[in-house]
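Feature annotations, courtesy of Swiss-Prot:
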ACT_SITE  Glu35  active site
ACT_SITE  Asp53  active site
DISULFID  Cys6-Cys127  disulfide bond
DISULFID  Cys30-Cys115  disulfide bond
DISULFID  Cys65-Cys81  disulfide bond
DISULFID  Cys77-Cys95  disulfide bond
DOMAIN    1-129  domain 'C-type lysozyme'
Amino acid sequence: KVFERCELARTLKKLGLDDYKGVSLANWLCLTKWESGYNTKATNYNPGSESTDYGIFQINSKFWCNDGKTPDAVDGCHVSCSELMENDIEKAVACAKHIVSEQGITAWVAWKSHCRDHDVSSYVEGCTL
């Protein structure tokens, strides 16, 4: 599922991400825009680590989810990677909360590249929240 921006903003807010660990809703929207284009089915393979990033938050199979094929995987969120690509993003959000609790928002490269030190207010502009 490719979320519409405001629909995703409302969903993330409902699931408790607004200001979770001090990260604003606008920052989460920016992160998911640049990681996946708001697409729950997004996947990207990383040849160097033989791992794959899954779902709207592009959660990595080496550290956070189990896809059954990544060498030396840790499965820190105790979730199958396929569950991170469901249209219902509850499990993906739970894992994102776990990641930001352990490593902070800088765990996401796209956030560092595209959102840090940027005005991200436009990501929630015009949304009825």
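The backbone N, Cα and C atoms fix where each Cβ goes, and this holds for glycine too.
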Around Cys6 (disulfide bond), how many other C-beta atoms are within 10 angstroms of its C-beta?
-> 16
Between Cys77, Cys127, which of the disulfide-bonded residues has the fewest other CB atoms within 10 angstroms in the structure shown?
-> Cys127
With Cys77 (disulfide bond) as the reference Cα, tell me which of the recorded positions Cys30, Asp53, Cys65 is the closest one.
-> Cys65
The domain 'C-type lysozyme' (1-129), counted residue by residue under DSSP: helix, strand, coil | 53 helix, 16 strand, 60 coil
Compare the C-alpha of Cys81 (disulfide bond) with the C-alpha of each of the recorded positions Cys6, Glu35, Cys115, Cys127, and give the closest one.
-> Glu35
Neighbours of Cys65 (disulfide bond) among recorded positions Cys6, Glu35, Asp53, Cys95, Cys115, Cys127 (C-alpha cutoff 10 angstroms), in sequence order, are Asp53, Cys95
Alpha-carbon spacing, Cys127 (disulfide bond) to Cys115 (disulfide bond), which is rounded to whole Å = 19
Cβ packing number for Glu35 (active site), 10 Å threshold = 22
Compare the C-alpha of Cys30 (disulfide bond) with the C-alpha of each of the recorded positions Cys6, Asp53, Cys95, and give the closest one.
-> Cys6
Could you state the CA-to-CA distance between Asp53 (active site) and Cys95 (disulfide bond) to the nearest Å?
-> 13
